Amino acid sequence: PPANVGRAPGPPDGGWGWVVVVGAFISIGFAYAFPKGIAIFFKEIQDFFGTSYGEIAWVSSIMLATTYGAGPISSILVNRYGSRPVVIFGGLLCGIGMVSAAFCTSILQLYICVGFITGFGLALNLQPSVIIIGKYFLKRRPIANGLAMAGSPVMLCTLAPLNQFLFDNFGWRGSFLILGAILLNCCVAGALFRPIRAAPASVKPQVTEEGKDALKEEVTEEAMEMSSPTNVPMANKTEEEGGKDCCEKINQYLDFSLFKHRGFLIYLIGNVLMFLGFFAPIVFLAPYAKHIGIDEYSAAFLLSILAIVDMIARPTTGIIANSKWVRPRIQYFFSFSIAFNGTCHLLCPLASGYTGLVVYSIFFGLAFGMVCAMLFETLMDLVGAARFTSAVGLVTIAECCTILLGPPIGGTLIDTFGDYKYMFIKCGAVMVLAGSFLFIMNYYNYRMLAKEEKERKAKEEDPKSVRTENEGRNNWNKETAQDGPELEPLREEQEGLKKEVNGT
């Protein structure tokens, strides 16, 4: 082995990490806010192409689903190349997708350019930004996550009126060209993601220890060869090793053993259900306001109100979640946030005028910010930082199905009944159900973890179990000593090698 072996450094919890948070603020902001911000153009694009609410909703839906569904690809690229080049490449894809969308002549071409190309670029921005924060922060991670997640409401607050201004002056095609140029700022954000260099650990070369290890390995290999009942052909061994290598490579990027993790499965099921009603209310908020006769700028301002409240809610939630009272049971807080979000949607049909929609936007922004601030923190709390990269990839690929279906189902309900209230009721009911499921199952998970920990401690403290283990070792040694004469030459050789190594 080399004299200097790379040692994984601990999270610095500050320093350049705050610059990384600024970059993540920009990348996460565009990844989350952009699919909601372009909803400003939906009414006009719908009239231009003569499509229904359900068909135009697929634009945001495909973009969101691609952003989440490409999570495993993004995780693999981050593990292979690091966060910085992946985010820069994602920013370039976002710009190319929106510039291409400006020349589209059909709704299908919009699905491809805006939905798939721009959505994939946003996926390459989202995952690396979340992952690199976990590498730079440990103790202050909830606060750092809350600040980075605040990028979404800040961008939404800016994009909503900006998009309306761009549309009034340049039309939707000119607006898409300008937005493509704005999205290139993701490349600048990616340049801030400086990787943490491995600290060299000084290891003194010890010839004696290396000699011992080498001799032990040789003796062990000979013992395995001599004690094997049959000689396996080398071709079969090579095939088996190749299969193992392939599985190990796949597992290196995506740890499928997480599906045996009870807490991860609870989180996955609850989130998949939640996303069925998570994004549709934001996508249809501005069109709903225009539908009931509110002017365009006032409708866009509703998204800005939501974003301003969301902006305050995310870092505040991060600080609360980092407190000693909440962090040990952060899963309960997350469950409450989801149920609170759903309750807001259930009450939205009671808002008859603009004042009612402003009140709804305030409470919706608060609930939305609470959920988003803890979305990844709760996952890292369950699986740990070491398995977090794989967990994010697996969760996003599972969530993309319900994210894809959520807005189109809402649009279909609007087309069928001619009223937006059924869409809000559907989203609210689904989210209340998801929050209740997570609360009950997390309570069960905490009880099981406490029980398992108690049993483990009791087993360690029980002298009988220790005595049984010692007896088992002694019996195994006796059985080994009573082996047949065919292993006697091997034992003599081992004894000789031991004496040689020890200098006797």
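Each residue, glycine too, has its Cβ placed from N, Cα and C.
Here's what TrEMBL has on this protein:
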- 15-35: transmembrane segment (TRANSMEM)
- 17-446: domain 'Major facilitator superfamily (MFS) profile' (DOMAIN)
- 56-77: transmembrane segment (TRANSMEM)
- 89-122: transmembrane segment (TRANSMEM)
- 143-162: transmembrane segment (TRANSMEM)
- 174-193: transmembrane segment (TRANSMEM)
- 264-285: transmembrane segment (TRANSMEM)
- 297-313: transmembrane segment (TRANSMEM)
- 333-352: transmembrane segment (TRANSMEM)
- 358-376: transmembrane segment (TRANSMEM)
- 388-410: transmembrane segment (TRANSMEM)
- 422-444: transmembrane segment (TRANSMEM)
- 453-504: region 'Disordered' (REGION)
- 453-472: compositional bias 'Basic and acidic residues' (COMPBIAS)
- 488-504: compositional bias 'Basic and acidic residues' (COMPBIAS)
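When each of 15-35, 56-77, 264-285 is scored by its Cβ pairs under 8 Å to the transmembrane segment (174-193), the top-ranked stretch turns out to be 15-35.
Beyond the transmembrane segment (358-376), the same-chain residues lying 6 or more positions past its ends with a Cβ under 8 Å from any Cβ of the stretch are 32, 130, 145-146, 149, 152-153, 271, 274, 278, 281-282, 285, 302-303, 305-318, 321, 330, 333-334, 337-338, 340-341, 343-345, 347-348, 351, 392.
Only residues 6 or more beyond the boundaries of the transmembrane segment (143-162), in the same chain, are considered here, and those with a CB under 8 A from a CB of the stretch are 17, 21, 24-34, 36-37, 40, 129-130, 133, 136-137, 286, 297, 300-301, 303-304, 306-311, 313-319, 321-322, 365, 369, 372-373, 375-377. Between the transmembrane segment (422-444) and the stretches 15-35, 56-77, 89-122, 264-285, 297-313, the greatest number of Cβ pairs separated by less than 8 Å involves 264-285. Across the candidate stretches 56-77, 264-285, 297-313, 388-410, the maximum count of CB pairs under 8 A to the transmembrane segment (333-352) is reached by 264-285.
Listed by sequence, the residues of this chain that lie at least six past the ends of the transmembrane segment (388-410) yet keep a Cβ under 8 A from its Cβ atoms are 54, 57-58, 60-62, 64-66, 68-76, 78-79, 123, 127, 130-131, 134, 253-256, 258-259, 264, 267-268, 271-273, 275-281, 283-284, 376, 379-380, 382, 423, 426-427. Counting Cβ pairs closer than 8 Å to the transmembrane segment (56-77), the top stretch among 15-35, 89-122, 297-313 is 89-122. Nonlocal intrachain contacts for the transmembrane segment (297-313), taken as residues 6+ away from its ends with a CB within less than 8 angstroms of a stretch CB, comprise 33, 36-37, 39-40, 150, 152-157, 160-161, 163-164, 282, 285-287, 289-290, 354, 357-358, 361-362, 364-366, 368-370, 372-373.
Model confidence over the domain 'Major facilitator superfamily (MFS) profile' (17-446) stands at 79, taken as the mean pLDDT rounded to a whole number.
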